[in-house]
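Enquirer: Before anything else, here's the structure in question.
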């Protein structure tokens, strides 16, 4: 039976009790409105820990002024059932006052230079500062041995890895594979914003990522690969924020096409902003 906690002292008592028994504890942070991708992270965490805590907190500091904080989908009953079925042991439900006791305006910010300043960092200024700030607080509250994040948010995972290394958090960071719909669309809590007409078109993002990989692999110049990807998305009806090929650390690759790379796309379809990536 999953335990639901809203009090920080109760959470710490539970986790400390587990640790006194010599058990490893994992954290799966979420913003709720959960889907199969989130539950796969719980199952991944379970492979590396004896107990799994998932948090649901819609974090106001990672939303920009014109973004969807107020209307972000909240589905608490379904989330609880899904987490229990996935094998989660405890659900941590902090409120804003617990997460930001001095208020969000006085919250001590955390910025991960470099990796958080490009791509999503350019499109959504301050977003990753909010992510780092809330994740660091969750780490301090739960004090896990392991934490799992999805690779769909590739840059977010890179930012968190940098923060953990730089601030010496004694936490192993796991990256969970992207879970996709049958047509290739990466599962996302924001997919429900898509209209019935937009939903089939949205799968073009994954198709374009595959084209980017294949084109780059045969030696097509990176700029040409990126331009072709943007054009294909625009022709399908997207407004493109970026379609790029990067090295795993998100720096720009040189002239060589060997080694590991990642293609990343962010684009809007109607009012819905979608992100996806493909490692190769």
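Note: Cβ is positioned from N, Cα and C throughout, glycine not excepted.
It should be emphasised that the depicted structure is a prediction, and the values quoted were computed from it without experimental measurement.
Straight out of Swiss-Prot:
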- 31-38, 150-153, 179, 187-190: ATP binding site (BINDING)
- 38: active site, proton donor (ACT_SITE)
- 62: beta-alanine binding site (BINDING)
- 62, 156: (R)-pantoate binding site (BINDING)
Enquirer: List the Cα distance (Å, whole number) between residue 189 (ATP binding site) and residue 156 ((R)-pantoate binding site).
Expert: 16
Enquirer: Please report the Cα separation of the residue listed as 'beta-alanine binding site' and residue 179 (ATP binding site) in Å, rounded to an integer.
Expert: 23
Enquirer: Minimum Cβ neighbour count within 10 Å among the recorded positions 38, 151: which residue?
Expert: 151
Enquirer: What is the separation, in Å, between the Cα atoms of residue 156 ((R)-pantoate binding site) and residue 37 (ATP binding site)?
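Expert: Between the Cα atoms of residue 156 ((R)-pantoate binding site) and residue 37 (ATP binding site), the distance comes to 16 Å.
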Enquirer: Among all protein chains shown, how many Cβ atoms are found within 10 Å of the Cβ of residue 34 (ATP binding site), not counting that one?
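Expert: Around residue 34 (ATP binding site), other Cβ atoms within 10 Å: 24.
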Enquirer: Please report the three-state DSSP label of the residue listed as 'active site, proton donor'.
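Expert: Where the residue listed as 'active site, proton donor' sits, the three-state DSSP reduction gives helix.
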